[in-house]
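Participant: Starting off with a structure, shown below.
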């Protein structure tokens with residue numbers, strides 16, 4: 001029995017890598033004891049010491065890891081003078097969660113509380129964007145691999161959720177900070193790398209189900225509402241991965257225009273909940289909301305108070321909302337005024353719902369006045385972002401004037417006497433065009449008003465000349481006008497009789513050639529009679545005929561390179577068969593002389 005205990009003890013020593021010299025004295029109790037009772041006591045005491053060592057091992061690893069923590073909640077990568085890192089804090093919390101989950105018994109409560117205090121300190125270093133999203137940023141600059149805000153924040157979220165899942169009690173982290181972290185991950189949309197995409201999805205999955213606080217996200221399916229379509233305000237409350245939220249109440253705390261934050265137009269409106277679509281809605285039309293850009297302030301309240309420890313709704317949520325609608329244009333007119341008396345010489349009504357074809361005339365001593373009114377669906381004065389009048393000369397020189405508002409109408413007066421230099425003293429026809437546009441205006445328009453004929457004085461010698469107009473890229477690089485080429489008329493041909501006479505004269509030399517051959521007594525007496533020499537002689541004459549045919553084809557359709565290529569092959573062939581034929585004739589002549 002003593003040998004069995006000694007073997008177990010040695011294996012346990014190798015496993016723990018710790019000295020166990022004081023355990024040997026415990027085993028010696030069995031030797032010293034002579035009674036059965038002392039032996040049982042020794043064996044029981046040994047079992048208790050082994051369990052104590054296992055528990056001590058877990059605590060030692062936990063303490064060694066905890067020793068890397070810093071006073072600001074960040075952790076170091078190692079003991080060799082490494083700087084503090086927020087990313088390392090997340091890794092350390094995950095490691096501590098693994099130690100706690102694998103521990104054979106519960107660890108000391110004070111060590112757990114110390115780590116929870118470090119987590120609260122770590123959240124003091126959160127940084128914030130303007131939209132309320134919170135994130136952790138890595139401060140260390142000499143690390144081997146720099147971690148961006150997404151990787152650092154994801155590491156901390158994984159560590160905190162893992163540590164809270166294996167430790168008893170709660171971690172005192174405000175719900176609005178958890179909600180801010182969720183907004184950070186949701187606001188990234190689609191990251192650029194696979195690593196960042198994994199960190200985003202994994203962090204959202206950790207926030208979806210954790211023991212610290214589950215964030216509830218308030219969102220609007222549409223942030224642009226149309227009064228002409230009578231769109232209601234719709235709000236959804238979901239978890240970060242789109243799961244249904246517990247029963248909540250959504251209140252519109254206030255709504256104010258972006259340009260007048262001190263004057264709310266709506267306050268304390270509770271939205272109605274539709275269980276079929278899981279949407280909270282509110283009809284804005286009876287509440288007197290006019291078109292424009294607003295900031296809606298919402299607040300989410302849990303209906304069950306006991307769920308406040310589980311879910312985080314945060315404080316107030318500010319969301320920009322655009323309300324659009326049709327703008328009514330009234331009292332639109334254009335007039336030509338006398339410069340001295342200001343009396344109306346010509347006045348015409350305008351219909352800005354369509355193109356206008358007006359024709360006006362004025363000189364440099366007169367003025368041009370344009371006026372109209374813009375009213376919202378609720379009858380209020382509407383001031384769009386863009387209201388200007390464009391005058392374009394026939395030479396493509398353009399002049400743009402901003403139309404200002406005075407009282408309840410928009411008005412522009414052009415004094416041509418003071419604008420002659422700006423107009424470069426260019427008289428003639430000017431096209432008029434009115435532009436009215438705004439992001440909240442559903443019927444923004446660009447309408448032509450007609451034309452005005454200006455009679456301006458002659459330009460002095462030192463007057464500024466109009467700038468050169470940019471060349472239209474289409475006219476410069478576009479397709480050019482097709483050129484219709486007219487070939488030269490063919491020359492008049494000679495009479496047919498003359499052509500036939502010329503053809504006869506060209507045949508005369510060939511006839512003379514045949515007559516000459518007859519006079520010379522040409523015959524075939526020397527043509528070889530043997531089979532092989534006769535064959536080479538026949539091929540030689542056939543090759544000469546092929547060369548003559550090749551010349552004919554060159555005259556009719558072949559090009560020079562094709563003709564030379566064929567002539568090269570024929571030349572080699574003629575050289576071979578001609579050499580054999582002439583050699584036979586020379587040999588026959590030599591034999592005849594010798595005989």
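Cβ atoms are placed via backbone N, Cα and C, with glycine included.
According to TrEMBL, the protein carries these features:
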type: DOMAIN; residues: 55-208; note: domain 'Ribophorin II N-terminal'
type: DOMAIN; residues: 216-323; note: domain 'Ribophorin II second'
type: DOMAIN; residues: 331-454; note: domain 'Ribophorin II third'
type: DOMAIN; residues: 487-587; note: domain 'Ribophorin II C-terminal'
type: TRANSMEM; residues: 498-518; note: transmembrane segment
type: TRANSMEM; residues: 530-553; note: transmembrane segment
type: TRANSMEM; residues: 560-578; note: transmembrane segment
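I would like each feature placed in context: is it buried or exposed, what are its neighbours, and how far apart are things?
Facilitator: Model confidence over the domain 'Ribophorin II second' (216-323) is summarised by a mean pLDDT of 92.
For the domain 'Ribophorin II third' (331-454), the number of residues in each DSSP class (helix H, G, I; strand E, B; coil) is 0 helix, 74 strand, 50 coil.
Outside the transmembrane segment (560-578), and at least 6 residues removed from its termini, the chain residues within Cβ reach (under 8 Å) are 536, 539-540, 543-544, 546-547, 550, 553-554.
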Participant: Would you kindly list the residues that approach the transmembrane segment (530-553) from elsewhere in its chain, counting only those six or more residues past its ends and only Cβ-Cβ distances under 8 Å?
Facilitator: 563, 566-567, 570, 573-574, 577-578, 580-581, 584
Participant: Please identify the stretch among 55-208, 331-454, 487-587 with the greatest number of Cβ pairs below 8 Å relative to the domain 'Ribophorin II second' (216-323).
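Facilitator: Between the stretches 55-208, 331-454, 487-587, 55-208 has the largest tally.
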Participant: Using DSSP, how many residues in the domain 'Ribophorin II C-terminal' (487-587) fall into helix, strand and coil?
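Facilitator: Helix, strand, coil within the domain 'Ribophorin II C-terminal' (487-587): 79 helix, 0 strand, 22 coil.
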